[in-house]
Amino acid sequence: MLRWTTAGESHGRALVAVLEGMVAGVSLTTEDIGAQLRRRRLGYGRGARMKFEQDEITMLGGVRHGVTLGGPIAIQIGNTEWPKWETVMAADPVDPAELAEIARNAPLTRPRPGHADYAGMLKYGFDDARPVLERASARETAARVAAGTVARAFLRQALGVEVVSHVISIGASTPYDGPPPQPADLTAIDDSPVRAFDEAAEKSMIAEIEAAKRDGDTLGGVVEVVVSGLPVGLGSFTSGDNRLDSQLAAAVMGIQAIKGVEIGDGFETARRRGSVAHDEIYPGPDGVVRSTNRAGGLEGGMTNGQPLRVRAAMKPISTVPRALATVDMTTGDEAVAIHQRSDVCAVPAAGVVVETMVALVLARAALQKFGGDSLTETRTNVESYLRAVAAREPATAQRAQASG
């Protein structure tokens, strides 16, 4: 079973990602991870941290000479600002007198509405929001992206699967409603300042961000991930936790600030009649074909051979420059929420993180289905399965009967 976890704090020495269960033989380099982390820093409306934040990547284990070894893979992402935070975020005890002289160590007692501050302070018994926000910060997603890079490499090399994303809308911008992008479109999408797949949608998104900047506010939005090349049959209908859509939804909802997920046409499907809600099946020369993909590539919890489409709704960033009303947890008095350096909009980057979680879930499902200790073995199993599926396709079966 493919498993992953991360460790570390936003201003700590480093973040660490550990991925266990990956097969041996997958080509992977530090530059592969660096390229994905640079994509995570993309986007119009990002804060000052993105301008100087450099992800110092170190492969700690599980990879040798650019190839995975089959054991747990550990990846470290160093914090270039660590010297500024070394005392405040030290793991070992520090003299209170020394801490008292450091301004950035001042207790944060005014929780931000919409953030983990309030519930985290009460749940864990903290009198300072610092321990909460350090781990709850979206900076943690850098470690996930590192782990997801391994999953992406496996999916591409074992099955020929490609994962792309684009921004549908930001704030109240006019949503993109055209055809989904193809893998070849990813470079053009990343070249867009808001990772849009349409020039008109891009202009509308930028206008929204500019307005929010002027007003001292923040914005959320909607992103879509499209996955091509998936075979029929990943996931299962046999139980709820084996359904691929439940796994995808859980993984995407686990991303900071994500408040909603839909597969395919999702909530729009609920407003349609059944006669126009589903993807009708027709005979084709090499099996069945469909003229629509409203289901988004999943039926009954399983991939159906069409592109997978997953959308995620990101709420506006909770660190709002104009400061929201809150209560000081020490005094109980009315206050304004703490404000630290933050983005106006991080939706373009969220698309990359959603790609990551989708890739991890799909890699896990593929390894459950096809197994193997090495990439070569997994490929052999994939090819055998694809031949068996092709033989069961109506057109293929009919030809076999006719020739027999």
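Here the Cβ of each residue, glycine as well, is placed from N, Cα and C on the backbone.
Per Swiss-Prot, the features are:
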{"type": "BINDING", "residues": "R40, R46", "note": "NADP(+) binding site"}
{"type": "BINDING", "residues": "R135, A136, S137, Q256, A257, G300, K315, P316, I317, S318, T319, R341", "note": "FMN binding site"}
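Residues near T319 (FMN binding site) in space but far in sequence (CB under 8 A, at least 6 apart, same chain), listed by position: R112, H115, T218, A337, H339, Q340, S342. Across the structure, I317 (FMN binding site) and R40 (NADP(+) binding site) are spaced 16 Å apart at their Cα atoms. Neighbour density at the Cβ, taken as the number of other Cβ atoms within 10 Å, is lowest among the binding-site residues A257, I317 for A257. For the recorded site, S137 (FMN binding site), the DSSP three-state label reads coil.
Long-range neighbours of S137 (FMN binding site) (same chain, six or more residues apart, CB within less than 8 Å of its CB): E9, S10, Q256. The binding-site residues shown are R135, A257, K315; of these, the one with its CA atom nearest the CA of R40 (NADP(+) binding site) is A257. Between the candidate binding-site residues, R40, R135, K315, the densest Cβ environment within 10 Å is the one around R40.
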